[in-house]
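Novice: First the structure, then my questions, so here it is.
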Amino acid sequence: MSSILPADPRARATWRWGGALAAILIVQSLLLAAVFWALANGSHRRAIEHALTDDCTFFALTPPVERADELRERLSRDIHRDHFLGLFDGRGRLIAGNVARLPAGPTAGSFVTTVIPTQLPGKTSDEARVTICRLPGDMTLLSGVDLDDTEASLALVWQSLLLALIPGLGLAIVFGLVAGRRAARQVDAVRDLTRRIVAGDLRQRLPVGSDPDSFGMLCAHINTMLDRLEALVAEVRGIGDDIAHQMRTPLTRLRARLDRSLRDARDPAAFAEAAEGALEEVDALLGVVAALLRLREMEDHARRSRFAPVDLARLVDDACDLHRPLAEDRGLVLDCAISPAPPVEGDASLLMEAIANLIDNAMKFGPPGGRVGIELIPHADGGTIRVSDSGTGIPPAERAAVTQRFYRGRRQVEGAGLGLSLVKAIADLHGFELRFAEGRSAVELVCRTPR
Amino acid sequence: MTRILLIEDDDGTADEILLELAASGYEAERAGNLALAGERARAAAFDLLVLDRQLPDGEGLALLADLRAEGRRTPALVLSALGSLDDRVRGLRAGGDDYLPKPFALVELIARIEALLRRPDDSRETRLIAGPLDLDLLTGQATRGGRQLDLLPRELKLLDYMVRRAGSIVTRSMLLRDVWGYSFEPNSNVVDVHMGRLRRKVDGEGEAPLIRNVRGQGYVLDPAG
């Protein structure tokens, strides 16, 4: 089968469409012909039987002496010569008629049999539907109708069927070609575009008509997927650029420092100093790498498996304890207001890292000599950790941006700008909400174990 | 002498680690693939394995799991470029005693190695003495050469931890993990500020400094001063 079909799957589709349609057409025509034949034949037979019964009735009512004349009279009126009539006496001898003898058969209803015509030139036997009836006066009547007509009309039905089938098959093949071509064109369009997309041109979109069919809807779905893909790739590219920029400055500094010390340093102490400076730069770079790795790890969501109940009050208390000396050294007041709260499911180290980052930001971005507030506000299923400072806060326009990697609102402050994005990633991992309080400089981490 | 088997396929990294181990007074040997590592680990008595996860002929953790199944309890420090914490959990489950993600500082590596090689502390001990330092954990009193040190509870815990690891480098992340109970790499110098306060209390004016800052990475308590 496959060997005679074209190798190109699209051409094969054309043949398949056309073939299926032709098969349907043939079956349909045959069914139609059969039904037509059955109905027409039945109706024709009933008409014949009616006429034959009428003959019986007529001759039964005719007085016996007039029957032969009446019969001859009738035969002479039968210009089509498709009627057979025969009047036989009690011993089966022909009295009058155009059949040679009385065929064997039942004397009720009609049946098909072979009769021997006597007045048809060149014909010695003929198929006919006949009925045989006993007439009063010990006579028997044979009345029949030649079936040549019926056979002719059957042949006519077959002929018309075949004649109609040929253009039908032609139409089926044409339709198959058109439908196959159309499908092939659509597939070609998609294939062409996907090839360009694979080659890297993510801006390409599949054509979708104003009133799309199911294929068009599929294309629309693929376009939506491409939109998302394009956005993701842009994001990844952006992150790559960010990383490159983030690394380039310290690497340039590092290179310059090493270059200069190689040239200028004259004694071990000078070399040691240069090496120490270089180490610091490298550590800063490693810090960026580590932070990026942690972000990726957060986004992997692999850490949920280690979640356990976390006591928020203890967590916030520890965070205060950890940061108090640092705040004092920087001349800041660290205010902690903690109320006991129900435990939440989470990773204590990650949550501590998030809080440490929030406190770190508050200490960096708040005004010198200000106040950093850390509150735990309990609710029924957890608590909100609010870290506030006495500064101006993050302008609403920047709030979405600050949780993205490498964003730094105020560039003069040190740090790689990964802090809030890490906090956001940790919050997302837990299903917690990170939000910015209105009208004051505060960030809230709403900790609720998701149901 | 303490013998360490380093299982690491990258030549540059291996050379640096071997030099650092030698400088810290360890006798170190290197295996660049799993087959050789398995052979050496079974043939000779090592005090510690330092094991990379991705090796040319397979996964380092598989070897570790095999060794553990054979009943070899040699402590193992697992190194990996896979920085994910999930990997860390897997590393520890496979029988690793500690897990250090790459990139790491050599000081951190040496500190972790020292921590693994040290005999488990007798944590029931309530009186610790190191050089002039004397800690009574029951009363929470600490003295240096008879001078009362006025330590806050957290500072006492820090000093307790340092005294138990006297002579070894203790890194910031070890302190954060073991004294506070949270394991992460802090952005700010929170731990340093705590250590700074402790040092000011322990090392008074004119006294030889007992706690030393190891550049960039951590601290050492040297009872000899």
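Note that the numbers count up from 1, one per residue, in the order the chain is shown.
Heads up, the Cβ atoms here are built off N, Cα and C, so glycines get one too.
The model shown is predicted, which means the values in this text are computed figures rather than measured ones.
Taken from TrEMBL, the feature domain 'Response regulatory' applies to B:3-117. According to TrEMBL, the feature 4-aspartylphosphate maps to B:D52. The domain 'OmpR/PhoB-type' annotation in TrEMBL covers B:124-223. The DNA-binding region annotation in TrEMBL covers B:124-223.
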Novice: Please work out the mean pLDDT for the residues of the DNA-binding region (B:124-223).
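Specialist: Result for the DNA-binding region (B:124-223): average pLDDT 87.
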Novice: Name, in the order they occur in the sequence, the residues of the same chain whose CB lies under 8 A from the CB of B:D52 (4-aspartylphosphate) and which sit 6 or more residues away.
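Specialist: Listed in sequence order: B:I7, B:E8, B:D9, B:D10, B:G60, B:L79, B:S80.
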Novice: Count the residues of the DNA-binding region (B:124-223) that DSSP assigns to helix (H, G, I), to strand (E, B) and to coil, and report the three numbers in that order.
Specialist: 34 helix, 26 strand, 40 coil
Novice: Kindly assign B:D52 (4-aspartylphosphate) to one of the three DSSP-derived states: helix, strand or coil.
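Specialist: DSSP call for B:D52 (4-aspartylphosphate): strand.
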